[in-house]
Structures are given as C-alpha cells and as structure tokens.
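Feature list (source: TrEMBL):
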type	residues	note
DOMAIN	1-531	domain 'Myosin motor'
BINDING	Gly2, Glu3, Ser4, Gly5, Ala6, Gly7, Lys8, Thr9	ATP binding site
TRANSMEM	441-459	transmembrane segment
REGION	465-487	region 'Actin-binding'
Amino acid sequence: SGESGAGKTESTKLLLQHIMNLCKGNSQLEQQILQVNPLLEAFGNAQTVMNDNSSRFGKYIQLRFQKNTVQGAKLSEYLLEKSRVVQQDAGERNFHIFYYMFAGLSSEEKEMYGLLDPSLYRYISGRFGTHDVAQHWKHKYEEVCNALDMVGFQEQEQVDMQSILSGVLSLGNVTFEPEESNGSVKVSEASQEWLKAAAVNVNVLSQLVCCVPYSSWSPSVSCCFPLCADARDSIAKVAYGRVFGWIVCKINELLAENVDPEVELREIGILDIFGFENFAVNRFEQFCINLANEQLQHFFNHHIFQLEQAAYKEEELPWETITFNNNEAVLNLLLAKPLGLLSLLDEQSAFPQATDKTFVDKLNSSFKGNLHFQPGRGHVLGFSIIHYAGKVQYTARGFLERNRDTLPANVRGLFINSITPLLSSLKSCRGVGKQFSLRGIAHWTLAVLWLSGLLIFLCPHQHSLMMLMERMYSANPHFVRCIKPNSQKKPGVVDSQVVLQQLRYNGLLETIRIRRDGFSWRPSFEEFAER
C-alpha cells in the first residue's frame, strides 16, 4: 500500500522475482508469471499527474505452491477505471496501449485499422509526445506483442483486439446534431466517416447512440445531446473493459496449475491496488479509490494495533496501551446504514429527478457538524472528506451518473449480436476476470466483514470482492508500506517533509513504537516446551 506513485507495482514485481528465485521450480512457469506484467501495464496503467505509470485497476496475484514449488498462479482484477477511456484531466493520458499502437504500428497496419494522425482523436485529447517518447512507446509496443504471443493470443485474436481499440478511438469522435424533420437527434454529417470507422454495422450503431429513450426529466432535444454522448461513451467503456477482461482470462488459462485436484496447494497472495489520490480535481473515481484505501488502513490498524495489544492483554503482560489514529469514524461517515454517504448516494441514484446538486444538499444537511465532512465553499458543487491521509475536496458533478453506471438495453444487445467473438461474449471465460464498475468499490467496502463489530453488510453483486477481503482477514497478512520520496516524480530526491507526512498518517511511527516495545519472537507453547 501507499500513495499513488509510491512504488507499489514496482515493489510487487520485485517481490514476485524474489519469490521465484527462492522457489527454483518450474522455470517456464516462473518466466511466464513475470512476463505478463508488460501486458497488464499496457492495458491497465496510465499517466496521471502523480505517477507516469499509475495502475488504474487493482490486482490480486495468487501463487500456488506444492512442496515449496510454484505450480500455478491466478490473477484477479478489480475495478478497472473505464472512465479514463473517454475522459482524462489536464496533465493525464489515456491507457498506455493507445499510444503504443500509434508508435508501434506500421503505416500499412494503421491504414488497415483505419487509424489517422493521433492529434485528431478526442479520447486521447489530441496529445501524443516527443520523438524520444514515441521511440520509447514503440519499444513498449514490441514488448506487448511479444507478451501477447507468449500468453497464447492467436494472430486473428490480436487483429480483433487492435480493431476494437481503433474503433473505440474513432467512436469518440462521433458527434450529434438535431434532425430537422422530426425534432430528434442524429449523428452529425461531419462525423459520419468516424462512425463508419468505428462500426461494422453503421445503421445499427447510429440508431443506438441516437435513439435514447425519452424520460420525464429529459423532454427536449437539447437534453438528448448529452444522453447520446453517454450512450457513445458507454459503448467505448464496455468494449475496452471487455478487452481487458479477455486478456486476464487468457493469462489465467496460461498460468493455471496442472496438478491432481485432490492435492492440497498452499498459497501466497499479493494485493497491489491503487494508492490514495488527491488531485486538483477529484471525481467519483478518486472517491472510490480513497475509500478502498480507508478500508486497507483499517485492516492494517486492526492487525498491527488492535490484535497485537489484545494478545498482550490476554497473556497478562505488563503493557502501556499505544494509541493510534483510528479511522473508524471516517468509515462510519461513508458506510453507515441508512445515513452514510454511500447510502445517500444510492438513495439519490434511485430517483430519476435527483441531480448532483440535490445529492450535495442532502449531504450538507445530513453531515452538518461532522468533523470529517466539510461542505463545498462558494459556488463549487462539491464537498470535502477528512480522510486518514488528509483532506480531499471532491467535485460532485457526475457522481450520480457514474454511481448508476447503467448500460442501456439496446447497447447491451449490440454486444450480444456482434460478429466479433470477444464482444459477443457477455460473460468472462471460465468465470474469471469479471468486470466491475468503479461503483463496485463502494459495495466492496460494504461487503467487507468488519471484525471490529462496526458493520456487517453483504452486497451480493460484489461477492468476489467480498471473498478477497475475507481471504485477507483469514490469512496471515504481511504489510509492505511504500513511501513516496518526493512529489516531483524525480529519482534520487528525498523530501523529508513529504516522507514524514506519510509516516504519520500511515501510523508507521506508532508501528515502530509497538514493534520496539513489543515482543518480536513468538514461539508456540509446543516449540517452547520442545526446546
């Protein structure tokens, strides 16, 4: 765990290499486990203002052992930030793979996929890079192609994948205009070519993005423009999410253990999930990410402070209680039923007439006087949460729409009837690599069994996320705390104030104290008696 850019993903790779070196087992499997990283990073990572290679998804890697030898592995991915496909803030980029394609594909291949100059595409904000950066991306594209071959993607599957990614970019350039004859909305004449580049069946796709059902709160043509744009963006996000899930699926087929099912395997699991974020503009995605980090901090506190000191008390050892920054009050604010922030968000999302403003008004009235909540100042539609890692101001615009995260039925039908096998398969292969909306992270926190007795609430739709947290609580956890040395993304520079701030809010100063004053060696009674 750690802030965005603190080195979690790099530490995970080093840890994997270290474990593989200790095992000295199936060398081919070990190399395959290490070589899938370029693929995951190309499709799941992106540049943010805090980190040039930021993981925009969470991954849980399970290494399965028999007699101290790795026999197989499984990757579970959670909460891919699909909204990044259609929108990035200033100083940020889309997922790496789009830039790698432009740098690595030949002119003939670009023509085959219908790719033009990268500056023309809205989904990558018209930004590309310098010559040196493009050369680096070209090298990365070659790594991705090698990884795709190694994982077992057939040539036609790779063509399909890149066709989908190219189509996603073209779809982002589709715009709309009023239909004068009947007052409806149609694809603009200026973007007809983009529509053709994005779709196999232009008529079907054109109807889907334009024929958005009217509702009581969108009676006018002017209101239909954003609805059409939402439908367009929904298709792009689902298509990209499907590609990512497909990649995870193929990786798991490659790494699956080939042993007798009756044989009991031991396991080491590594959780690498996005770090705490505080940008100039913080949206629903940052709220969800920071909420997950609140949960991880609570999990850390529970094991390091509560269980540790309870053991000393049970053994009747002389012990002066060490206090720590308990974040249960923040989690109560966010998760309590029925008046926590998430409950109010779900309540507002269920009302068609509700808006982001009515949601903020509800928060301001419900949490007046709460020490961990602050209303937005002036005309800003937003609010602030005092997290364990500090105050974060969130803009509320888009909260309801992203929390609903609905896919129109006609858009769903488009995927079912697609002639591309990848898109027509709505269920992930063999039940792995399931796609979860970012809203899911909110329900993940609700699905967690809080051992402190604060709350027990299970969300059936996020069962696998609940299972992940249950597994963490039932296992023997080790915590790797990654500390960010500076905020300028520079190597070899240590900003002592930046480091100290992280040591404080992570509870590491208190952790050092409890480790120093506590008991480091804990033999079982049997071990003690035997000695």
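Any Cβ shown, glycine's included, is placed from N, Cα and C.
TrEMBL entries are annotated by machine, without manual review.
Features per TrEMBL, on structure.
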residue	record	Cβ contacts under 8 Å, 6 or more apart
Gly2	ATP binding site	Lys8, Gly275, Phe276, Arg481, Cys482, Ile483, Lys484, Gln502, Asn506
Glu3	ATP binding site	Met50, Gly275, Phe276, Glu277, Ala389, Cys482, Lys484, Gln502
Ser4	ATP binding site	Thr48, Met50, Asn51, Ser54, Phe274, Gly275, Phe276, Glu277
Gly5	ATP binding site	Met50, Asn51, Ser54, Gly275, Lys484, Lys489
Ala6	ATP binding site	Gly275, Cys482, Ile483, Lys484, Gln502
Gly7	ATP binding site	Cys482, Lys484
Thr9	ATP binding site	Glu41, Asn45, Asn53, Ser55, Asp272
Near Lys8 (ATP binding site), how many other Cβ atoms are within 10 Å of its Cβ?
23
Residues lining the ATP site besides Gly2, Glu3, Ser4, Gly5, Ala6, Gly7, Lys8, Thr9 (CB within 8 A of their CB center) are Asn51, Gly275, Cys482, Lys484
Which residue counts does DSSP yield for the region 'Actin-binding' (465-487) in the helix, strand and coil classes, in that order?
10 helix, 0 strand, 13 coil
